[in-house]
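Worksheet: the structure to be examined is printed underneath.
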Amino acid sequence: MKCIVGLGNIGKRFELTRHNIGFEVVDYILEKNNFSLDKQKFKGAYTIERMNGDKVLFIEPMTMMNLSGEAVAPIMDYYNVNPEDLIVLYDDLDLEQGQVRLRQKGSAGGHNGMKSIIKMLGTDQFKRIRIGVGRPTNGMTVPDYVLQRFSNDEMVTMEKVIEHAARAIEKFVETSRFDHVMNEFNGEVK
């Protein structure tokens, strides 16, 4: 079973913020397929659905970002999901808006949600899709920036990015060939 995790902070005030882009991608996939996060357990909202005949576990942690691993690890353990079947979607300050990077494994890169997942799983050997949100300008702090909603102009770009990342997930579920998916979906979204 594949496991798709979108990272974000819970609560209405965090909807459509830069830090919640992982939630946005998972929500897009769920809505497109008429799925819903119908279970809550282990500090997470989740569902198990079939896509292309395969079971897929979708998770959104119901913790704050820096505690994401406290939801992801127990749910994966409960359903016997191996880290190599995990893909985490999250915001990345080091990528410009409109860029998407898929990686087979790697460090947290300073992202507290990823640090928590790596710590709780005991490995960084899992797939991830990093979604560029750019860096703050005009002296804005990083926390203020990532908790800021996208402007209307930015949302035009980010809607394309959300759809692009969702297609990458769908392609991986269909083919199980993440290396091919990386080749097709890495880069700037037009």
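We count from 1, first residue shown onward.
For all residues, glycine too, the Cβ spot is worked out from N, Cα and C.
Annotation source Swiss-Prot lists site 'Discriminates between blocked and unblocked aminoacyl-tRNA' at ASN9. Around ASN9 (site 'Discriminates between blocked and unblocked aminoacyl-tRNA'), a 10 Å sphere centred on its CB holds 21 further CB atoms from the protein chains shown.
Residues or ranges marked as tRNA binding site in Swiss-Prot: PHE14, MET64, ASN66, ASN112. Long-range C-beta contacts of ASN66 (tRNA binding site), restricted to its own chain and to partners at least six residues apart, with a cutoff below 8 Å, comprise ASN112, GLY113, LYS115, SER116. Secondary structure at ASN66 (tRNA binding site), taken from DSSP and collapsed to helix, strand or coil, is helix.
Among the features that Swiss-Prot reports, active site, proton acceptor is placed at HIS19. Counting every protein chain shown, 24 other Cβ atoms lie within 10 Å of the Cβ of HIS19 (active site, proton acceptor).
ASP91 (site 'Stabilizes the basic form of H active site to accept a proton') is surrounded by 23 other CB atoms, counting those within 10 A of its CB over all protein chains shown. What Swiss-Prot records for ASP91 is site 'Stabilizes the basic form of H active site to accept a proton'.
Cα of MET64 (tRNA binding site) to Cα of HIS19 (active site, proton acceptor): a distance of 11 Å. Taking the C-alpha atom of ASP91 (site 'Stabilizes the basic form of H active site to accept a proton') as reference, the shortest distance to any of the recorded positions ASN9, PHE14, HIS19 belongs to HIS19. Taken residue by residue with DSSP, PHE14 (tRNA binding site) is part of a helix. Secondary structure at ASN9 (site 'Discriminates between blocked and unblocked aminoacyl-tRNA'), as computed by DSSP, is coil. Listed in sequence order, GLY8, ASN20, LEU147 are the same-chain residues at least 6 apart in sequence whose CB falls under 8 Å from the CB of PHE14 (tRNA binding site). In the three-state DSSP reading, HIS19 (active site, proton acceptor) counts as helix.
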